[in-house]
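What TrEMBL says about this one:
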- 107, 123, 222, 223, 224, 225, 294, 309: ATP binding site (BINDING)
- 142, 309: Mn(2+) binding site (BINDING)
- 188-397: domain 'FAM20 C-terminal' (DOMAIN)
- 289: active site (ACT_SITE)
């Protein structure tokens, strides 16, 4: 063989070697990532049951100190939380030392200070479990049980971006009224034999109070995020107008996502993928009311989209509001880790996992069976939407690898 032919042959072999090596490395990396996703899923399933137990491993710290140390820019709580049950036990049993009207908003809530100085937001029960909220997907009062269910779904999806929530029964006469501020106390009333209050908020009315069963009121308590992590509010790019006959741009402009991708903080960093994750989360729970969202301040788009205020969810199990998925089907991108997790939850696993996760909550059963069944059906719609995207653009475009190292040191 002539020298020139040998050089050409060696060059061809070298090119083949390089491409083979790159291909193998890429596949090994992907395979390793998928294997880690599978292991993370199994760990999640193993830790689903959270027994509310007062014992703490770190006996020199209060449950509030432990929960505060969990918070980092990309997580509210870590994957491994052996003391989650102790923190939630404290949320549902610690003495209430002060009660006030809730923070600004449209819906009735109360701000409680628990023993040890921890703030929690209390949302009262307004509906029976089997009540169907008719009308627009964002209609009706807040649903306290929706906050509980949404928190556990956040755990199951592996997002860990929702503040801790647990159900709690409170005695309005003995636990709340003696420590209530004048502003809150002035909204109390008696309706029949039931103690009621209507609080202070945009839609709070004396004619529409929340009433206890006698003195005992069922509700949810959401753990207030540490003050060292101040929040910044953002308008959701796929927010609704809430005005009849007036559509938001995303509702008529098929190229809307291209415009979003050119604006900060969606032009770089993880925020747009967080929006997609949130669309998946909101579609599963039936939440069409995320007109704004919060992140940590001064994050330049790096911190997570925090899954706050999920109470406009689980209103009507028969209503699948596809427009909630607009960020997904207009942008046609999704995290590989999210895609893997959704596939692991097929075939009834999601319903079973959520039912198990909520089984130890004080207000269990948290959801009625039709809502649990709806979750599995909505999951299939999400998977079908992603498949339409991959069929059109290919999996390499649609499935985005975005894994960020999280530090709890």
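Cβ coordinates come from backbone N, Cα and C, glycine included.
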Close in space, distant in sequence - residue 107 (ATP binding site), Cβ under 8 Å, 6 or more apart: 123, 141, 142, 201, 203, 311
Of 222, 223, 224, 225, 309, which binding-site residues are close to the residue listed as 'active site', meaning a Cα within 10 Å of its Cα? 309
Recorded ATP binding residues, 107, 123, 222, 223, 224, 225, 294, 309 - maximal Cα separation rounded to whole Å: 19
